[in-house]
Amino acid sequence: MDDKIDPVIHEEKGDLPSQVLIIDFDPHEHPHSWPNYRKWTILLTVTLPIFLMPLSSTILAPAVDAISAEFHVISTVEGPLTVSLFLLTYCLGPLLLGPLSELVGRVPVLQVGNVVFLAFNLAGGFSRSMTQLLVFRLLSGLGASASLATGASTIGDVFPKEERGLGLALLNMGPVLGSCLGPIAGGFITDYSTWRWAFHATSIFGGVTILTGLCLSRETYPPVLLRRKKHTLQSTPAYKSLTLLTRFEKDAPTSTPDPQSQTTTKALTALYSRTLLRSLHLLLTQPIVQALSLYYGYLYGLVYLVLSTFPTLWETQYHLSTSRGSLHYIAPCIGYLLGAQFCALLSDKIYTHLKSSNNGTGKPEFRLPLMIPASFLVPAGLFIYGWSAQYKTHWIVPDIGIALPLMGATVIFQCTNAYLLEAYSVFGASANGGVYILRGLTGFGFPMFSPVMYKALGYGWGNSILGFVALVVGCPIPWVLWWFGERLRARSSFADRD
């Protein structure tokens, strides 16, 4: 379905008196055939918010104590909730917004989400109580999740399979840089200004992001584009007597419903039964989504567990100030960037080589080989980080240790996104939404138990246990999907069988 773009064709539908017209893309209409400058400007419109939202999540991490002091918060749990609540709705939002983007299109979901984020993030900077702040963080995270729901799927819309690796790598640099630069900026804001400027600064950036999207964004989801083309043709006299179906409506009975061709009640029923709940359905019924969700979710929770306790390490073990300690976030940032660039350089080359070795036929499983070495980097780095922090070695050693698992996690995240996009094609956003369900729960929950874990076990054994679990859970998954992924896809009514 990705590899060829057929012109419009006509079919007679059995004994029906009316002719059925199958609507398809004309040459150069499909997003894969758009000029490169248009593809890269579209990539910019999804990369900016996907950079800003993780930055907005982590920028408050160094300011938790200052916020708690201003609002007279005594509980050790309520302060970290300023970060975790944002992350919860940010990661769970794609459960609704991913499938919704398959119904109404990527651009409306992304732009409305950006506006919702801006409104509640701006309000957060003027909060007068801890309750207000937590509510605004919860709601701004929901708006922020629109970029997460549409980003990787937009890459799949505009780039052919052989070109997606670079696009996904550049897209994933957004959350990489955002989540690492956020605490650095937050540390200096906390030391030299007020935590409220963390909200003011990200709100200004949010306004720029919205304006950029208004100027450069363009709808990319093929079923929505064909549906619009169908409705344009239906409004002309020459086509009024014909029954029009898009290629997706003809080939996929389970495809996204057309709300304009149904009554309001039927459209709403289709929305909830086929679209909004599809991510949950894929998570509960598809072994591929289940396996990758387990691994992705564990790694995501692991990353936020380590990053949320990172400032404490430098303040308690190495006795650095908040701003100086926050500079060590450069280490995980380097790990992230190395993983993204490593994946960008090799992912498409490996895919193309394996495709040529398979008589020119590509498979989603050709995105998995890079996950194998990456799955060993995660536990190795955790062991180095944990024991070097435990024994207070030179600062460069824990920095190297924390960079390695984040490098491996970045590769695994990109391979997972690419694999699901190609394995589930039209339903790629829903499949990624299913993965984000566990990601949201672990990202929210893991940082909550980390202080207790490190207090009981120390940095050495605490991180070693995390590393052993990563070894047991993650290392077998790419091998299992390599050997059995094609058979699992063949049994699925949602997956691509090509």
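Each residue, glycine too, has its Cβ placed from N, Cα and C.
According to TrEMBL, the feature domain 'Major facilitator superfamily (MFS) profile' maps to 42-498. Residues annotated as transmembrane segment in TrEMBL: 40-61, 81-100, 107-126, 138-159, 166-185, 288-307, 327-347, 368-388, 400-421, 433-453, 465-484.
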Find the member of 81-100, 368-388, 400-421, 433-453 that has more C-beta pairs under 8 Å to the transmembrane segment (107-126) than any other listed stretch.
81-100
At an 8 Å Cβ cut-off, counting only pairs 6 or more apart in sequence, do the transmembrane segment (138-159) and the transmembrane segment (368-388) clear the bar of 3 or more pairs?
no
Mean pLDDT for the domain 'Major facilitator superfamily (MFS) profile' (42-498), as a whole number?
86
Give me the stretch from 40-61, 288-307, 327-347, 465-484 with the greatest number of Cβ pairs under 8 Å to the transmembrane segment (368-388).
465-484
Would you kindly list the residues that approach the transmembrane segment (327-347) from elsewhere in its chain, counting only those six or more residues past its ends and only Cβ-Cβ distances under 8 Å?
165-166, 168-170, 172-173, 176-177, 179-181, 183-184, 187, 306-307, 310, 314, 367, 370, 374, 381, 395, 398-400, 402-411, 414-415, 418
Taking residues 6+ outside the transmembrane segment (433-453), which of them lie with a CB under 8 Å of any CB in it?
76-77, 80, 83-85, 87-95, 97-99, 148-149, 278-280, 282-283, 286, 289, 292-294, 296-298, 300-302, 304-305, 308-309, 312, 416, 420, 462
Which sequence-distant residues neighbour the transmembrane segment (40-61)? Criterion: at least 6 residues beyond either end, Cβ under 8 Å.
67, 82-83, 86-87, 90, 110, 113-114, 117, 121, 140-141, 144-148, 150-151, 154-155, 158, 167, 170-171, 173-175, 177-183, 185-186, 189, 195, 198, 202, 205-206, 208-209, 212-213, 216-218, 220, 307-308, 311
